[in-house]
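These notes are about the structure you will find just below.
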Amino acid sequence: MKTNPLVFVVSTAVEKNAGYITQIIGPVLDVAFSPGKLPNIYNSLIVKGQNPAGQEINVTCEVQQLLGNDRVRAVAMSATDGLMRGMKVIDTGAPLSVPVGEVTLGRIFNVLGEPVDNLGPVDAGTTSPIHKSAPAFTQLDTKLSIFETGIKVVDLLAPYRRGGKIGLFGGAGVGKTVLIMELINNIAKAHGGVSVFGGVGERTREGNDLYMEMKESKVINQENISESKVALVYGQMNEPPGARMRVGLTALTMAEYFRDVNKQDVLLFIDNIFRFVQAGSEVSASSGRMPSAVGYQPTLATEMGSLQERITSTKEGSITSIQAVYVPADDLTDPAPATTFAHSDATTVLSRGLAAKGIYPAVDPLDSTSTMLQPWIVGEEHYETAQGVKQTLQRYKELQDIIAILGLDELSEEDRLTVARARKIERFLSQPFFVAEVFTGSPGKYVSLIETIKGFQMILSGELDSLPEQAFYLVGNIDEATAKAATLQVES
């Protein structure tokens with residue numbers, strides 16, 4: 001059994017390789033070592049001592065740069081309050097290592113792999129370093145299969161790939177976290193395997209809500225914690241940038257163990273990948289690097305690649321990753337979301353315009369894309385229906401300027417029919433969520449792919465032209481829409 005390299009090396013290297021702090025700039029420390037005793041890049045350093053008030057200090061740092069003159073620059077994983085120049089720093093001789101395996105299930109960890117849920121220590125028989133290379137080309141698996149989510153707009157227009165990377169792109173307050181919670185609800189509960197959730201730089205309240213929700217739904221089993229199906233890793237908004245920059249790697253390391261050693265199919269949820277980039281930008285600026293476009297770090301593409309390339313499917317097992325991506329000022333050309341786009345197999349773009357109309361999930365059907373929407377993967381019927389829906393919505397979008405200036409009456413009969421069907425499609429793409437039941441008062445709905453295709457085919461064919469458009473709003477399958485239309489008719 002592998003020992004924890006962190007503990008093992010510290011015990012033997014205390015006197016052998018110690019340095020002292022020469023400079024502190026916020027979360028970044030410069031540390032001087034003896035000549036020829038410099039730690040490697042990504043090595044973990046530990047600062048121990050007492051602050052002026054006499055309280056014990058134990059801060060873990062990670063080496064980022066070798067500066068010359070026997071000095072290194074490191075970034076702290078926790079607050080640097082109370083640190084002073086001259087304090088002793090110990091080189092552990094190894095990268096940061098975190099617990100992996102079944103012991104992580106049902107627990108909440110921080111970036112260092114320490115439990116933060118007040119349920120006692122974790123018996124970490126096996127640990128793993130958070131920095132690794134991506135699997136070799138020969139190990140990768142290229143099978144293509146659809147991952148059904150039960151959400152109509154996703155399954156029809158931008159289907160997810162099993163073992164793929166999915167990005168949920170959206171500005172502030174358009175519903176990224178609610179959508180990721182619904183996906184956890186629909187997929188993680190039905191999916192027999194394990195899930196890992198990485199909370200990267202998001203609200204602590206949301207992390208707490210998710211934990212409570214998982215306990216209620218028995219995804220985390222409080223009576224018998226070993227029967228839980230999920231491990232949670234949090235580095236929230238109040239943490240220093242070093243922790244937010246590395247917490248995604250901690251979650252990924254736990255997921256990789258389930259894939260490579262236990263040979264399982266794993267779900268990895270990350271909320272929010274933009275905060276990983278943002279933390280890297282803070283660290284980069286504090287380290288004295290020249291900023292690149294829009295003030296981001298010059299190493300943006302490299303940092304994103306080192307995380308994303310490890311999230312993949314091998315012949316041993318798969319990691320299906322669903323990542324929320326904050327879009328600053330709703331600008332998809334911003335370097336952070338633009339870099340993430342390149343790594344995604346499917347992109348679900350959330351629109352502020354749809355959210356303002358009250359259509360939830362506010363997924364933009366024309367901006368969202370998927371590499372899986374090919375007739376030879378999803379089948380001719382699915383492909384033709386999806387293309388029909390997109391063409392109808394695109395024509396409606398083109399006609400909106402004419403409608404705004406001249407009104408509906410000036411349109412041709414054919415265009416008026418297109419507009420009526422497009423408005424029904426737009427409303428039928430909305431759906432009540434299980435996780436939003438408390439707010440909407442409507443019970444959540446899971447709609448199978450077969451039901452979804454059938455419903456949109458009926459709208460496109462004109463079978464439902466006589467039904468009012470409000471009958472299609474916030475319903476599950478098409479039978480519910482026809483039942484709602486009958487109810488509306490009786491009421492009127």
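Here the Cβ of each residue, glycine as well, is placed from N, Cα and C on the backbone.
Worth saying up front: this structure is predicted, and the values here are computed from it rather than measured.
Listed in Swiss-Prot for this protein:
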- G170, G171, A172, G173, V174, G175, K176, T177: ATP binding site (BINDING)
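Where Swiss-Prot records a feature, it is marked here on the structure.
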| residue | record | Cβ contacts under 8 Å, 6 or more apart |
| --- | --- | --- |
| G170 | ATP binding site | K176, A324, V325, Y326, V327, V349, L350, S351, A362 |
| G171 | ATP binding site | Y326, V327, P328, A329, D330, L350, R352 |
| A172 | ATP binding site | Y326 |
| G173 | ATP binding site | A355 |
| V174 | ATP binding site | L350, S351, R352, A355, A362 |
| G175 | ATP binding site | L350, A355, Y360, P361, A362 |
| T177 | ATP binding site | E202, E206, D271, A324 |
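Residues Y326, L350, A355 surround the recorded ATP site, their Cβ atoms falling within 8 Å of the Cβ centroid of G170, G171, A172, G173, V174, G175, K176, T177, which are themselves excluded.
Secondary structure from DSSP puts G173 (ATP binding site) in coil. With a 10 A radius on its CB, K176 (ATP binding site) counts 26 other CB atoms from all the protein chains.
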